[in-house]
Amino acid sequence: NRSDTNSSPFLLTGIPGLEALHMWISIPFCFTYIMSLLGNSMVLLAVRLEKSLHEPMYYFISMLAVIDLIFSTAVVPKMLGIFWLDSREIGFEACFIQMFFIHTFTAVESGVLLAMSFDRYIAICKPLRYTTILTSSRTIQIGLLSLARGAGVMMPLMCLLTSLPYCKTRVIPHSYCEHMAVVELACADPAASDLYSLTVATLLVGTDSVFITLSYGMILRSVMRLPSPKARLKALRTCGSHISIILLFYIGGLLSMYLQMFSFGLAPHLQVLVADFYLTVPPMLNPLIYGMKMKQIQEGIFKLLGQLAGLSISQA
């Protein structure tokens with residue numbers, strides 16, 4: 001009976017072949033999760049409380065911080081439960097909800113990165129029209145549109161995946177409900193879901209990356225025409241953090257995806273570790289990149305820390 005079979009929980013392996021080392025492996029993942037929570041929360045608080053950061057660029061950075069918090073929280077707590085408590089069981093519905101959040105917010109982040117490249121294009125190439133084109137309300141609308149696009153394209157995939165019968169082993173050789181690892185457990189032909197997921201991934205990532213490349217190509221051309229070397233350096237520095245995050249997101253995502261599709265002779269535990277680090281390391285690094293590259297974010301965080309320190313001293 002398909003409904004009875006699909007109501008049974010799955011079992012997550014963690015890092016296959018390295019179960020004896022789970023306690024040690026948990027240390028870097030716990031560290032990255034704590035740093036992700038602290039770093040992204042500080043960015044959100046700084047943008048919320050510092051009025052000078054109430055601009056479209058910083059709203060987009062706030063959106064990335066929210067996405068990073070969702071990524072980390074969707075994956076790491078369950079992962080640590082496996083490593084620390086051997087809590088490997090995950091319900092059928094919970095598994096696909098986790099998968100939905102991971103893939104949806106991957107698509108949302110791609111849309112936000114595209115919006116950030118458009119923001120930098122307007123700011124550098126059409127500075128006089130910046131405030132009229134990118135208002136606060138329009139920025140929020142772009143964020144909501146990215147969310148709607150991500151959820152909209154992932155809902156049909158989830159329907160296709162949950163309709164498959166899973167009557168093979170319930171053991172997922174992974175630390176979370178990774179799409180390809182779960183589909184391999186189906187005892188029906190997953191060709192429709194495979195075709196849909198490949199088409200959506202290609203269209204979303206391909207379209208977004210092409211427009212991002214075009215935006216930064218036009219930005220670079222405009223920057224090179226600036227008469228002052230100081231102005232050119234300032235413009236390039238402003239874009240530096242965005243380009244770093246874009247490269248981290250797309251290169252890491254492609255590497256993780258291709259290693260899941262084609263092993264290239266890589267050991268299974270290394271494939272799983274690459275996928276795990278792709279979902280946990282960028283959320284930790286993104287706030288650090290903002291802090292290192294963007295003076296305004298630095299000042300906002302330092303001001304917030306000063307206020308918190310002053311509050312704690314006064315209470316003491």
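Glycine too: its Cβ is placed from the backbone N, Cα and C atoms.
Taken straight from TrEMBL:
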type	residues	note
TRANSMEM	20-45	transmembrane segment
DOMAIN	39-290	domain 'G-protein coupled receptors family 1 profile'
TRANSMEM	57-76	transmembrane segment
TRANSMEM	96-118	transmembrane segment
TRANSMEM	139-164	transmembrane segment
TRANSMEM	195-219	transmembrane segment
TRANSMEM	239-258	transmembrane segment
TRANSMEM	270-290	transmembrane segment
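Here the listed stretches are 20-45, 57-76, 96-118, 139-164, 239-258, and the one with the most C-beta pairs under 8 angstroms to the transmembrane segment (270-290) is 20-45.
57-76 is the stretch from 20-45, 57-76, 239-258 with the greatest number of Cβ pairs below 8 Å to the transmembrane segment (139-164). Residues 57, 60-61, 63-64, 67, 70-71, 74-75, 78, 90, 139, 142-143, 145-147, 149-151, 153-154, 157-158, 161-162, 176-179, 182, 204-205, 208, 211-212, 215-216, 242, 245-246, 249, 253, 279 of the same chain lie 6 or more positions beyond the ends of the transmembrane segment (96-118) yet place their CB under 8 Å from a CB of it.
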